[in-house]
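Participant: Could you have a look at this structure, given as structure tokens, before my questions?
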Amino acid sequence: MNTAIAEKSTMANGDIPEDANEHCPGTQSESAGKSDACEGCPNQEACATAPKGPDPDLVVIAERMANVKHKILVLSGKGGVGKSTFSAQLSFALAAMNLQIGLLDIDICGPSIPKMLGLEGQEIHQSNLGWSPVYVDDNLGVMSIGFMIPDPDEAVIWRGPRKNGLIKNFLKEVYWNELDFLVVDAPPGTSDEHISIVQCLGATGIDGAIIVTTPQQVSLIDVRKEINFCKKVGVKVLGVVENMSGLCQPLMDFKFMRMTETGEHIDVSERVREYLREKAPELQNLIACSEVFDSSSGGAEKMCREMDVPFLGKVPLDPQLCKASEEGRSCFIDKKCQVSAPALKIIIEKMIEKNGFSSMLVDSA
């Protein structure tokens, strides 16, 4: 499928048109096309004569979502905190529990989910039932604008109404069949995409949101806003995950450098490893950790106590998890991610237990 499908997206009902006058009352307002602010607007006549009332698209979306048991949003206040990595690994983990999983990527301008699921270069196909997700396995389907763009380096330069239109089309047109979980990977912040997904899925029931952050204040400041957004729009916060919580990896995986007086770095890794093997073999199995981001203020755990939301746990910055994401594979299938995979497993199990999803695991067994 190419960009022709993406261009099918239209302005969501109730949105303000891109070329509207300042102080536009909105297309669904009773004063649309009639107020003083509408004078001279190119949309004035259309707005004045357009039917008002409930959005008919929401009925179609509700029908599509009728076979989706649970819907989870994955959010972040700040970009670059590992939200999409968490969404991908959460989906892998749930699918490994023999559940039917859909992963919907609504990060329109920065879709990274296709790469993180090993699906780069794939395309969407249409059938008489709708748009078909791209499948990693029989029980893990994915939908993203990344499948619609022929050139992965092409920038998506869209205003809010067009983004909202595509999100609506994802919800109306994609045929997921029956799902246990629909995981929605949203862009950072609290912008058009977040409002659209909440409005479109609100009537069908959103179980809640998992919010991903890093430990330092510059990230937590924005996460507080994300939590307040959830509270204002009535989305339950299922929990907060502190990602990149210190760099941790096996001691023997580190690179050791000696810095000269001139500031040059000389690699002495092999000498150090040889020394450890000969002189201190008991140290070879140690995990070495170092704080990357300042967490002296208490990090996400303290913030959760202050804002009365659940804290799900910490995931260390693990180079092997980064590699798994780059290669589009689950971190749970082998023992390479020996630091991060157990932490993620504990967090996901806690989320399942605390939010009443445990019965699904029994049903799927």
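From the backbone N, Cα and C atoms, a Cβ is placed for every residue, glycine too.
TrEMBL: automatically predicted annotations, no manual curation.
Taken from TrEMBL, the feature region 'Disordered' covers 1-40. What TrEMBL records for C24, C38, C41, C47 is [4Fe-4S] cluster binding site. Residues annotated as ATP binding site in TrEMBL: G77, K78, G79, G80, V81, G82, K83, S84.
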Participant: With the ATP site defined by G77, K78, G79, G80, V81, G82, K83, S84, which remaining residues of that chain have Cβ atoms positioned within 8 Å of the Cβ centroid?
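Facilitator: For the ATP site, the extra neighbours are S76, P188, V212, T213, T214, S219, N243.
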Participant: Pick from K78, K83: which of these binding-site residues has the biggest number of other Cβ atoms within 10 Å of its Cβ?
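Facilitator: Within the set of binding-site residues, the most crowded position is K83.
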Participant: Have a look at the binding-site residues C24, C38, C41 and say which one has the shortest Cα distance to G79 (ATP binding site).
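Facilitator: Looking at Cα distances from G79 (ATP binding site), the smallest one goes to C24.
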Participant: Which ones in the same chain are close to V81 (ATP binding site), with CB under 8 Å and 6+ residues apart in sequence?
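Facilitator: P188, V212, T213, T214, S219, N243, M244 - these are the non-local Cβ neighbours of V81 (ATP binding site), listed in sequence order.
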Participant: Can you tell me the CA-to-CA distance separating S84 (ATP binding site) and C24 ([4Fe-4S] cluster binding site), as a whole number of Å?
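Facilitator: The separation of the Cα atoms works out to 35 Å.
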Participant: Once near-sequence residues are set aside, which residues in the chain of G82 (ATP binding site), 6 or more away, have Cβ atoms under 8 Å from its Cβ?
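Facilitator: When sequence neighbours closer than 6 are ignored, G82 (ATP binding site) has V212, T214, N243, M244, V315 within Cβ distance under 8 Å.
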Participant: Taking only the binding-site residues C24, C38, C41, C47, which one has a CA atom nearest to the CA atom of G77 (ATP binding site)?
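Facilitator: The smallest Cα gap between G77 (ATP binding site) and any of the binding-site residues is with C24.
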Participant: Measure the Cβ-based neighbour count of G80 (ATP binding site), defined as the other Cβ atoms within 10 Å of its Cβ.
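Facilitator: G80 (ATP binding site): 11 neighbouring Cβ atoms within 10 Å.
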Participant: Cβ within 8 angstroms of the Cβ centroid of C24, C38, C41, C47: which residues besides those meet this for the [4Fe-4S] cluster site?
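Facilitator: Apart from the listed residues, the neighbours are P17, A20, N21, P25, T27, A32, G33, S35, A37, N43, Q44.
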Participant: Whole-number answer please: how many Å between the C-alpha atoms of K78 (ATP binding site) and C24 ([4Fe-4S] cluster binding site)?
Facilitator: 30
Participant: So if I draw a 10 Å sphere around the Cβ of C41 ([4Fe-4S] cluster binding site), how many other Cβ atoms end up inside it?
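Facilitator: Its Cβ shell of radius 10 Å holds 19 other Cβ atoms.
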Participant: In the structure shown, with every protein chain counted, which of the binding-site residues C24, C47 has the densest set of Cβ atoms within 10 angstroms of its Cβ?
Facilitator: C47
Participant: Can you tell me the CA-to-CA distance separating C47 ([4Fe-4S] cluster binding site) and G80 (ATP binding site), as a whole number of Å?
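Facilitator: The Cα atom of C47 ([4Fe-4S] cluster binding site) is 40 Å away from the Cα atom of G80 (ATP binding site).
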Participant: Roughly how many angstrom lie between the C-alpha atoms of C24 ([4Fe-4S] cluster binding site) and G80 (ATP binding site)?
Facilitator: 34
Participant: In whole Å, how far does the CA atom of G80 (ATP binding site) lie from that of C41 ([4Fe-4S] cluster binding site)?
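Facilitator: So the Cα of C41 ([4Fe-4S] cluster binding site) lies 39 Å away from that of G80 (ATP binding site).
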